[in-house]
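Encoded as structure tokens, the structure appears first; notes follow it.
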Amino acid sequence: MANMEESFPRGGTRKTHKSEKAFQYSVEHDNLFDISTEEESTKRKKNQKRPAQAKKLKIEKRESSKFVREKFEILNKESLCEGMRILGCVKEVNELDLVISLPNGLQGVVQVTEICDAYTEKLNEQVAQEEPLQDLVSLPELFSPGMLVRCVVSSLSITQRGKKNIKLSLNPKNVNKVLSAEALKSGMLLTGTVSSLEDHGYLVDIGVGGARAFLPLQKAQEYIRQKNKGAKLKVGQYLNCTIEEVKGNGGVVSLSIGHSEVSAAIATEEQNWTHNNLLPGLVVKAQVQKVTPLGLTLKFLSFFTGLVDFMHLDPKKAGTYFSNQPVKACVLCVHPQTRAVRLSLRPIFLHPGRPLPRLSCQQLGAVLDDVPVQDFFPNTGATFRLKDGALAYAWLSHLSNSKKLFKPETFKPGNTHKCRIIDYSQMDELALLSLRTSIIEAQFLWYHDIKPGVLVKGTVLTIKPYGILVKVSKQVRGLVPPMHLADILMKNPEKKYHIGDEVKCRVLLCNPEAKKLIMTLKKTLVESKLPAITCYADAKPGLQTHGFILRVKDYGCIVKFYNDVQGLVPKHELSAEYVPDPESVFYTGQVVKVVVLSCEPSKERMLLSFKLSSDPKKECAGHSQKKRRAINAGQLVDVKVLEKAKDGLKVAVLPHNIPAFLPTPHLSDHVANGPLLYHWLQAGDTLHRVLCLSEHHEHVLLCRKPALVSAVEGGQDPKSFSEIHPGMLLIGFVKSIKDYGVFVQFPSGLSGLAPKAIMSDKFVTSTSDHFVEGQTVVAKVTNVDEEKQRMLLSLRLSDCTLGDLATTSLLLLTQCLEERQGVRSLMSNRDSVLIQTLAEMTPGMLLDLEVQEVLEDGSVLFSEGPVPGLVLRASRYHRAGQEVESGQKKKVVILNIDMLKLEVHVSLCHDLVNRKAKKLKKGSEHQAIVQHLEESFAVASLVETGHLAAFSLTSHLNDTFHFDSEKLQVGQGVSLTLETTEPGVTGLLLAVEGPAAKRTMRKTRKDSETVDEDEEVDPALIVGTIKKHTLSIGDVVTGTVKSIKPTHVVVTLEDGIIGCIHASHILDDVLVGTAPTSKLKVGKKITARVIGGRDMKTFKFLPISHPRFIRTIPELSVRPSELEKDGHTALNTHSVSPLEKIKQYQAGQTVTCFLKKYNVVKKWLEVEIAPDIRGRIPLLLTSLSFKVLKHPDKKFRIGQALKATVVGPDSSKAFLCLSLIGPHKLEKGEVAMGRVVKVTPKEGLTVSFPFGKIGRVSIFHVSDSYSETPLEDFTPQKIVRCYVLSTTGPELTLSLRSSRTNPETKSKIADPEINSIQDIEKGQLLRGYVKAVQPSGVLLSLGPSVTGLAQYPHVSQYSPAKSALYDKHLPEGKLLTAKVLSVNHRGNLVELSFLPRDTGKPDVFPASLGLPLRKQEERETGAEERDHRGEEEKGKRKSLKRKEKSNGQGLEEVQLPSKEKKVPQKPQAKKPGKRPHPESGSEQEQVNKKQKKAAPSEEDDSGVEVYYREGEEEMEETSVLPKKKHPRPAEAPRLQLSSGFVWDVRLDSLTPALPPHRESSDSEEEEKPEQATKKSKKERELEKQKAEKELARIEEALMDPGRQPESADDFDRLVLSSPNSSILWVQYMAFHLQATEIEKARAVAERALKTISFREEQEKLNVWVALLNLENMYGSQESLTKVFERAVQYNEPLKVFLHLADIYTKSEKFQEAGELYNRMLKRFRQEKAVWIKYGAFLLRRGQAGASHRVMQRALECLPKKEHVDVIAKFAQLEFQLGDAERAKAIFENTLSTYPKRTDVWSVYIDMIIKHGSQKEVRDIFERVIHLSLAPKRMKFFFKRYLDYEKQHGTEKDVQAVKAKALEYVEAKSSVLED
């Protein structure tokens, strides 16, 4: 705002107002600007006529102006009231309160208890506990300056000095009190605080009664990540939230705190805001109503109006506002009584949730002269315009020194004043000023202005026991502690100091953040002229100063200075004479004069002395000056490391310990070695021959670069410009890097500039890419200007060569490795085992390591072994394509040790691990492969021997920049010249790299391609020395075969040139199945013709005209036809790409190709047709035989020639797609191999073919014979042989019937194909699958598109009452045989019957159901109905049929016609004496089914369960079981026993139950009330007879031996008669457990153990097991252990161990079970049962890997004779519980070793029958009947085969087995006859 004119444009013409008068007029005019021009003109006319009226109008104008002023008066403390809602900004965060900046420069305070209720509760809890709570965080962690918060004014109190204090509250209960739960609407922007953390989110306190607000975790993630640094939200954390969803009329509210939602939240009319509940901080869309010079009035939310004062206009738009302008505004405050709303248009407030920028006025405290007044507000203050154009504000109270002296007329706009900036209002972005003289002249305005050690004047405020409070300025107060009131301790300070006294103090400590100021009044300290120590860096040795004694100890005195700096005066420095007891001589608080002996600022340690004898000290100081002067630039010195600084080492120059500095880059000539040396050097290490570069003002700079040291020693460092001439070569270092060039400094201190143009031979884009600061360089002087003392330098390699590149390169390498060796010796001195181990490791060392894990990027981490923290890794390249898994042992070779990251890089490469012992010659040239790259050198391995050699990557100090194309990569081939032949201490041979032209590329692999897809190039070719040759196409050459590969032969020609012969160029006629390369032998001399040349970098064939042809690998041919005169043909080398070459092959063409390898991952054969043409044969196109497809590696040998048919080129890659089974067109009638991709139950299979074709197989085409589970044998990825039935439609229609795929077998077709209604004849017997049960009957699918209907009279001879029985017995997909009753071709209807008399098969409902037979009439009516059914019904059926077709599945939902709905019966709990009597068999089944579901399986049932039963209806369970799912309704509790039987509370298992005579207890109780009523004589007589009968029955029952025991006496009687029956004893125990009398049950067990005869071992063991069970469930671990130890003593230990293991497993105590098995393995390691049991336990737990290891251990521990049994048993377990494929592999392995073990064969057959497919079963029987075993055993297998076929096969299959048996017998007898 330059002036008010600019801010608010006036109406009418613009004038320049010079006078005050004019200004006033303009304002007045402005305030009435909204009167139209017409009105104005009429008024003017009237004014001339009526002066009285004019006067009146003037007064109105003035009043109106006054009203506008008052209306736009800015906020002050008086205008606030309690309950006012106001937006604030956090200004300061203290431990117990927040200072909040409010609009218009106001400020308030929020106490710690006003954050939220949850936070206050936590605080109270902490106070009660008297120790900090973990989940309570302090205010500084919850709030940060700049945060916008919604507050409510909680109180306005007046201090003693009459100042008004504004107390605020942030508690949502107070802020949002105005909202009700009903008023909450979606989209509202509220503030709240986190009240608790829940599982799925946070409960947020929004302070609205009756509303619970929840913030889901996913809605908080973005905020937590961006704003909370990933930490969870804390209790009390303040959040801006938007309402996502309101449920239950506001009862539950879902929130979001996403930045995008919150910052875009706008209050709308739909949210129903009212004057009562409008909240500050809401953003609204508004419309300008009126523009005035002091602000705007706005209309918003349809019917609200509000004010915007001048402080809150948008500074960029001020002066451009106009009526009806739409704007966005933020509500600042709402007055609860007047309902006045103030808003802000500042852009910063229009994005809720965004904090205000933490700006603070740069000039805080600055005094400004002549600041002009902008505007004056009589009630609040004035605004001023600062020099930078910013607005500033001064409160009324700050405009003068006192109210009396205040003159408003001096604050007319334009008047200037002297003022001081005292604060900054963040809410208004305004500086706050004061014009008070006291403030302007104050020396210290804020705590920030005061520094420790300065003198301040102040006034004594109060005298307290803890010291004197001194007022330093209006805002600043300080404390003088009692110790500091005088030089000596004062007892009565009030006698010396009085309130109001002026005092002079010195500042000891000032902490502005905490507003803490500590001062001293000690006269000696206040008046001291000695320098004050305010930080450790000030304490220079020899400095004398004053301090005071803080503590006196027996070892010396601790002296304190300013700003908490302190030092120690040791005992021997206290005095010239010995002080035995310092405490008797010195006292705390004593002022002393000390001299600094030494100081270590980084450790904050200082040594002092009280010995101040002047002469020796001066001498000493003089000496040190001389010493220091004695060090000159260019001098070589030895130094000792003192400590590490940020960018170098602080050292002491020996012998006089002169401090100096050695920067990190100056530790070495090698950029990478500087940080390495810096890292490992430590205090106390000595460095020799260090060069002093410069010495300025006691600051010595050193350098340890060997190149600079040798230059100085050799006198090659000119001292002045006069000695320097153009052309000189100098060694220096880079001092600084600029965009225009590099400044280089030399040892003597001279420096010069290397401009960008002559900095490098390469193009320089950015200077910093080429050099780094501190780098050693060689410079050539090109220009010298002696006058200006300037020189220009060149750093180009071409200008600065220092001699032979190879020598320089070797020198740099040697120096680099020596320095690294030095680092190793530093490491070996450390205490850490890890560091010492790393120091001992050298490249080339072989290690045996265990793989820890394989990472995602393909690299391998190895386990640390005995050295914790040791990281060993092999990159993906160094894994060398090996398959590795964790736990595997591997031999590796060390490539390099990273001494900063403490990592060891290793390689698994076979050639490196198995080095060849070969003598190497110095100077010999070798091919090598780069294995590891460092910054300045590389490690490569020699191809011939595998030795590791190092070579420098730079050949010059300036050679540091390489383009990406020049950089080496791991795996690249290089040519090296050896300089050493033995690896020295470094473990590496030293070498120099040959010319870059000899480098060969490692083919880079695209991430998308797998290793298998790469064209693997023969290493012999990669690293073969590619010598230039003069060969051209057509030349005949001779050479020797060097090596033979599957598809090519490598040949060494004369002159050492390597050539290559492809398999297709060896013979003219290649026989299919032979390998042409095997015709040549290594070492054989051959004559060949050159037919092409392959480029080494791209592996493409180049035309002879190509310039690089002379560096290619010659491609040769030894075909006899090629060698004939002029019979040769050159390879086509002019094709642009291999794709074009491939296009010359047509689909269907036959080619000869050579197998390169079988790609297991991609399942294809990789072949080569010619040297430059490759192909692929998908596995499915290799054969139509399953045997071949299962083991393609057995059928196809690498290098073999194959005849293949071209299917087509693979468009994505340059490969030909081939087939070995003819052209793969998939036309109708073709047989092809496919792979199952999906099995759809009840429908069929989806099969995929190569090249993406998909086909479908219906369940009717899976086999020639239907089965109940037709798709059982099919799993995804299974290979199937398919016949293409149809190619119409997007997918092929296929058949797997062997009659289609193998028509020559002519096998019997049990179920013919039915593809249409034409294939069906009346009276035919057909099989089909139930499609649906419908009201009209049962639908049966007879073929893929044919369905028949069986009406209910033709479904069954029974008539079931319940319709559900149809669904149960005729589920969808059930296989049924039906007879065709009629076929209606026109109506497309097939009528079927399932009746036994028609089909000869059993009825669909089993006879056991006991269903009533269907009446004869019903059947007949059914027949009649069929004959006389109208056309209408047919029409219906047609439409129904069409519907079915379209749905593709039956109408399963249709209910059967039934009068009664089936109600599921709840089985009732019967009394133990009763047996349930079901009404019918079906119901009984229903009950049993229910029971089975409710009851856990036998496995889960662990031990004893107990029930109380009270009445038939209710049933209480008093089970104390650990994990019980449901009580078993109609079963009694039971214990599990070792012998596998189950015992009941009733003795049902032993004897037949008694007939159910007695009534239940319930009915007896019901009868009792009836007895009370009077009974007739007849009734009493009947009763008496009844009672006698009952007594007789009871007596009879007691005599009955089969009676069930019902009391302890009954059991006692029984156990006396059968003392050795463990069943009785255990039931006796269960009887007690039922009454939860555990002690009695234990006693019974102990009795049993004493009673049962010692001969009955099994019976005794049963009781022990029951007792173990009891203790496991009801006892403690100790009681169980005791019983177990006793059981082991009295029984066979192994049995007891196994039983306890079972008990643990069944009660899900897996850890204990595991521990017990481990004990067993140690104690019974020779028992195979233990190993097998443990294996089964692990498999059941899903730990297959552990189970496999147990098997291996078992085989190590058990004798050899047991091995086969154990292996077979483990294989059986694998079948049952683990991986069936692994189980098969184990069996196959065992049987290949022991083929005559019939027992193993028998088990294998059992397992396959149980778990395998029919095909697998038949395969194994076929194998076993062809074994050469004894006839007796063979008979056994033939019998089994026959039984199997009788059960599962057809008649034909049975006959086939008999024929084979006959064949075997005949073969045997013929052998005998022979």
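Placed from the backbone N, Cα and C atoms, the Cβ positions cover glycine too.
TrEMBL: automatically predicted annotations, no manual curation.
Annotated in TrEMBL:
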- 43-56: compositional bias 'Basic residues' (COMPBIAS)
- 1414-1435: compositional bias 'Basic and acidic residues' (COMPBIAS)
- 1569-1587: compositional bias 'Basic and acidic residues' (COMPBIAS)
- 83-171: domain 'S1 motif' (DOMAIN)
- 187-258: domain 'S1 motif' (DOMAIN)
- 281-346: domain 'S1 motif' (DOMAIN)
- 365-436: domain 'S1 motif' (DOMAIN)
- 453-522: domain 'S1 motif' (DOMAIN)
- 542-611: domain 'S1 motif' (DOMAIN)
- 634-705: domain 'S1 motif' (DOMAIN)
- 727-796: domain 'S1 motif' (DOMAIN)
- 1034-1107: domain 'S1 motif' (DOMAIN)
- 1148-1221: domain 'S1 motif' (DOMAIN)
- 1229-1297: domain 'S1 motif' (DOMAIN)
- 1323-1395: domain 'S1 motif' (DOMAIN)
- 1-21: region 'Disordered' (REGION)
- 34-56: region 'Disordered' (REGION)
- 1395-1539: region 'Disordered' (REGION)
- 1552-1587: region 'Disordered' (REGION)
Helix-strand-coil residue split for the domain 'S1 motif' (1229-1297), DSSP-based: 6 helix, 32 strand, 31 coil
Residue distribution over DSSP helix, strand and coil in the domain 'S1 motif' (83-171): 23 helix, 36 strand, 30 coil
Secondary structure content, the domain 'S1 motif' (187-258) (per DSSP, counts of residues): 13 helix, 34 strand, 25 coil
The domain 'S1 motif' (1148-1221) - residue tally per DSSP class, helix then strand then coil: 12 helix, 38 strand, 24 coil
Region pair the domain 'S1 motif' (83-171) / the domain 'S1 motif' (365-436), three or more CB pairs under 8 Å: yes
Whether the domain 'S1 motif' (365-436) meets the domain 'S1 motif' (281-346): three or more C-beta pairs under 8 angstroms: yes
Secondary structure tally of the domain 'S1 motif' (281-346) (DSSP, helix then strand then coil): 3 helix, 35 strand, 28 coil
Three-state composition of the domain 'S1 motif' (727-796), taking helix and strand from DSSP: 7 helix, 35 strand, 28 coil
Segment confidence, the domain 'S1 motif' (634-705), expressed as mean pLDDT: 88
Secondary structure content, the domain 'S1 motif' (1034-1107) (per DSSP, counts of residues): 11 helix, 32 strand, 31 coil
Per-state residue totals over the domain 'S1 motif' (542-611) - DSSP helix, strand, coil: 10 helix, 35 strand, 25 coil
